[in-house]
Amino acid sequence: MKKFTKQNFFFLVGGMIIYVVDIGVDFWVASRYFCQGQYSWSILILCFRGLSSLISQIFSYEWFKNDWEGTDTRKLKLVFLVHLFQCGIFIRYWFALKYGCQAAFKHTRSRDASEADPSNFTQKQAIDAVTDINMLRVFKTFLETTPQLFLQIYILMEHGKTHFYQYAAIIMSFCGISSSMVDYQISLRKSLPDKDEFHFMYLFYKLLTITSWILSISLITLLSVRISVILLIFLWICGFTWTLKQHTTFCKSKKMEYLYRTVVGIILIFSFFNIKERRTKVCISIYYATHTVVTLGILFVYMFWKPSIIEEICFKIVGILTISSLLLGIIFLVVYYSHFHPTIYCRPQACSDEVDGMAGQKDRVKTGRFQNFLMQ
């Protein structure tokens with residue numbers, strides 16, 4: 001079992017601060033748009049926030065119910081009420097801070113002791129609590145933070161006028177995505193038997209490819225909102241269909257499993273994740289090749305349909321950022337998968353035809369829900 005360190009505790013505290021500040025910035029930006037009469041932008045921001053919160057609460061409560069099955073029903077009813085008021089994540093942060101503080105500062109883990117040993121049991125409680133939070137934050141990242149980033153960039157490109165709160169929203173979106181991806185990758189590494197180092201190649205690859213894709217979607221939205229919506233719906237259908245064919249087994253109930261697959265379909269619009277015990281070389285190549293073709297296609301459309309826009313400095317900057325971030329993102333992706341991907345640390349017999357980033361079922365550390373969650 002991996003150790004929950006002081007560094008992990010500080011990452012947890014930092015993530016919680018970013019989460020709380022992000023909520024405040026969202027409501028601040030929404031209120032500013034509302035006061036300016038931009039009701040549609042305000043409503044969209046609140047819808048992203050509401051959808052993300054609702055889905056996160058549903059999954060969080062379902063996990064509490066599964067973990068506390070057979071325990072005091074009154075405690076479970078209280079937890080349900082807290083989730084009903086959209087505050088379930090704060091219960092999880094309280095448990096994570098409590099166990100994390102004990103594991104990182106009070107208990108010394110014994111290598112030879114069993115998991116029943118108090119210090120090792122506390123370590124496991126801390127890691128499990130933080131892992132649950134990181135899974136919920138992945139949902140939030142792609143249901144709220146990434147769409148929020150797309151919306152703010154589109155508004156800037158469409159109207160040209162900039163305000164401080166818009167930049168604040170964009171900065172917080174980047175911080176939220178970065179923090180979520182770092183914490184998720186750390187949780188993934190802790191599920192491996194031999195390695196738990198985090199490599200920034202992963203963060204750069206994710207951030208750059210997501211940024212390039214958001215800029216591309218923003219450009220096509222400027223041409224036609226209808227075409228943009230059709231494209232996003234088509235991509236979600238493709239992602240959802242692929243998820244159905246993978247026959248995922250993340251949830252215990254069929255209803256929750258279909259909700260999970262629906263959310264995964266949304267996540268796959270913005271970034272690639274492996275969701276089944278298979279190698280991903282072909283899938284990830286097709287995924288990012290498609291993104292590259294669509295991105296280049298959008299830029300060519302501008303060149304032939306809207307040649308006057310080419311002269312505008314804004315388009316030149318956006319075009320350069322789109323191409324450069326895509327190119328650098330793919331370079332970091334190749335470097336990461338060639339040299340830093342967890343699979344390269346596995347024994348040859350364990351890595352064959354296994355989940356991306358995970359060793360064989362018998363060789364990996366049991367990590368509860370996480371072993372059936374999105375992998376990389």
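Including glycine, each Cβ sits where the backbone N, Cα and C put it.
A TrEMBL annotation is a machine prediction, not a hand-curated record.
Annotation comment: TrEMBL describes 9-29 (among others) as transmembrane segment. Outside the transmembrane segment (9-29), and at least 6 residues removed from its termini, the chain residues within Cβ reach (under 8 Å) are 45-46, 49, 89, 93, 96-97, 100-101, 103-105, 130, 133, 137, 140, 144-145, 148, 152, 165-166, 168-169, 172-173, 175-176, 179-180, 182-183, 186.
Marked as transmembrane segment by TrEMBL: 41-64 (among others).
Annotation source TrEMBL lists transmembrane segment at 76-95 (among others). Sequence-remote contacts of a segment are chain residues at least 6 beyond its ends whose Cβ falls under 8 Å from one of its Cβ atoms, and for the transmembrane segment (76-95) they are 12, 16, 19, 53-54, 56-58, 60-61, 64-65, 68, 125, 129, 132-133, 136.
According to TrEMBL, the feature transmembrane segment maps to 164-182 (among others).
Look at TrEMBL and you will find 203-223 (among others) tagged as transmembrane segment.
For the transmembrane segment (229-246), the list of distant contacts is 217, 220, 261-262, 264-269, 275-276, 294: same-chain residues at least six beyond its ends, Cβ to Cβ under 8 Å. Residues annotated as transmembrane segment in TrEMBL: 229-246 (among others).
Positions annotated as transmembrane segment by TrEMBL: 258-275 (among others). Through the fold, the transmembrane segment (258-275) approaches residues 55, 58-59, 138-139, 142-143, 146, 206, 209-210, 213-214, 232, 235-240, 242-244, 246, 248, 250-251, 283-284, 287-288, 355-357, 374-376 of its own chain, all at least 6 residues removed from its boundaries and within a Cβ separation under 8 Å.
Marked as transmembrane segment by TrEMBL: 287-305 (among others).
Look at TrEMBL and you will find 317-337 (among others) tagged as transmembrane segment.
Sequence-distant contacts of the transmembrane segment (287-305), counting only residues of its own chain at least 6 positions beyond either end whose CB sits under 8 Å from a CB of the stretch, comprise 209, 212-213, 216, 219-220, 223, 231, 268, 272, 315, 319, 322-323, 326, 330, 333. Only residues 6 or more beyond the boundaries of the transmembrane segment (164-182), in the same chain, are considered here, and those with a CB under 8 A from a CB of the stretch are 11, 14-15, 18-19, 21-22, 25-26, 28-29, 32, 134, 137-138, 140-141, 145-146, 148-149, 152-153, 155-156, 198, 202-203, 206-207, 210. Beyond the transmembrane segment (41-64), the same-chain residues lying 6 or more positions past its ends with a Cβ under 8 Å from any Cβ of the stretch are 23, 26-27, 29-31, 33-34, 76, 79-80, 83-84, 86, 88-89, 92, 132, 135-136, 139-140, 143-145, 147-148, 151, 155, 251, 253, 256, 259-260, 263, 369.
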